[in-house]
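Asks: Annotations per TrEMBL:
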- A:5-194: domain 'Glutamine amidotransferase' (DOMAIN)
- A:76: active site, nucleophile (ACT_SITE)
- A:178: active site (ACT_SITE)
- A:180: active site (ACT_SITE)
C-alpha cells in the first residue's frame, strides 16, 4: 500500500489519479500509523512553505516524515519541504536534505513562476531513474528552487541558474516537477520510484 | 530550456465539446475527455476547457468534468467559464483541476484574484482578458466581448499580476477568428511589461503564425481552437516546424 500524505496543501488529487492510472493500491491519509506502516510514502504538495510547515509541525508530521524508513517521494513543494530551509517565509523545513530553497528572480526574459515543460539532465549520481528520461521534458510550476548539491540526481536550467530537478538520499526521493502531470516521462519516473526497495 | 507551450482550447456546453470538431478515429467527438486525451497523445502541452453552459447546474457539471479530465489525462489543464466566487474554484481544485481561468468576474471584483491567489497559490490563477484596439488603445471587454469597459489592457494585466495572477491569457478580439495571425505587437508589449507568463489567443491560422507569436510576439504559450479541431494544423507537425525554426518545444 502506498500512503499519500494528506495535509493542508493543494492539488493532491492529481497524484492519486496518477497512481490510479498506474494501477497501484494507495490511500490518502494523515494517520501516523498508516503512514508509518505503508510500503512507500508520497509527500506531494502545492502551497506556501511557511503555512504548510506550520501545519506539519503542529500535527507532528515533521518528525514522523523525518524518521520514515521506507521509500519516500517528495513532489514539488514536498521536495522543498524535505530540504533544510526555505526562503519562502524564511522557515526551517523538515531537513532530510541539507539543501536550501531559494526564490527565482526574473532574468533575461525568463519569467517567474517557472511554468511549463523543461528538460531534465541526469547527473552521474543518479541511481534512481532510467537513463531513458535523460533530456526529456517534465512539467514544472514553481517560484522557488533547490540549489544543486551532493544529492542532486537531475538538474534543470532556468533564470540563468542550474538547479536541482531531482534529489535522492538513502530512502528519500524528490522531484521539483510534477511527475503526475508529465505525460509518459512522469509516469516512468513514478514507476521507477514505485520499484525502489 | 523552458519550452514554448502549444495549447488547444475546448469549448464545453452541458458537459460536451461544442463548435465543430473534425477529428478522425474518435468514437464521439463531443466527449471532452476523449478529445483531450487525443490532443495529449498528439503532443499538446496543456489543455484549456472553457465552459459556456448558462444554467445554474453549471458548478456541479464543471466539477464533474474536471474530475473526469484529471482522472484520465496526464498533462496539466485549465478550466474556466463563469467562475464568480471562491466556492466555484474550491470545487474545481478538489476535483483535480491544475488551474482555473477567470475573466469577467475578476474585472467586476478584482479582489477575487487576491482571494484565489491567497487561497490556492498564484499558479492556480489564470486571468483571461478579452481586448480590442480602439484609437490606438487596447480596451478590456466583458461577457465574451459584448461589454466594453474603461479598463486598458496593459493596466489591467499589470493589476492582475500585482494581485496574484500566475498567468495572463490574452485574447485579441480583433484577431480572433480571422486566422490571419496573433496580435504580436500588443503581445510583445504585454510580455515586456509583465513578469508572469503570457498565453496568446486569437488569430492562429497556420504554423508560421505560431513561430511569429513566440518570436515577435514574445508569448510563452500559444492557444488555438478551430485550426486544431479541424485538423488544419497537426500538433506534431507544428512542433517539428517550430523546432526547425529554432524555437524550443517539447518534442512529441
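Each residue, glycine too, has its Cβ placed from N, Cα and C.
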Asks: Please work out the mean pLDDT for the residues of the domain 'Glutamine amidotransferase' (A:5-194).
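Replies: Here the predicted model's pLDDT, averaged over the domain 'Glutamine amidotransferase' (A:5-194), is 94.
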Asks: Just to be sure I understand the packing, how many Cβ atoms besides its own are within 10 Å of the Cβ of residue A:180 (active site)?
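Replies: There are 29 of them.
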Asks: Using C-alpha atoms only, work out the spacing between residue A:180 (active site) and the residue listed as 'active site, nucleophile' and round it to an integer in Å.
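Replies: Residue A:180 (active site) to the residue listed as 'active site, nucleophile', Cα-Cα distance: 11 Å.
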Asks: Give me the count of other Cβ atoms within 10 A of the Cβ belonging to residue A:76 (active site, nucleophile).
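Replies: The Cβ of residue A:76 (active site, nucleophile) has 28 Cβ neighbours within 10 Å.
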Asks: Fill in the CA-CA distance, residue A:76 (active site, nucleophile) to residue A:178 (active site), as an integer in Å.
Replies: 6
Asks: Relative to the Cβ position of residue A:178 (active site), how many further Cβ atoms are located within 10 Å?
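Replies: Looking across every protein chain shown, the total is 25.
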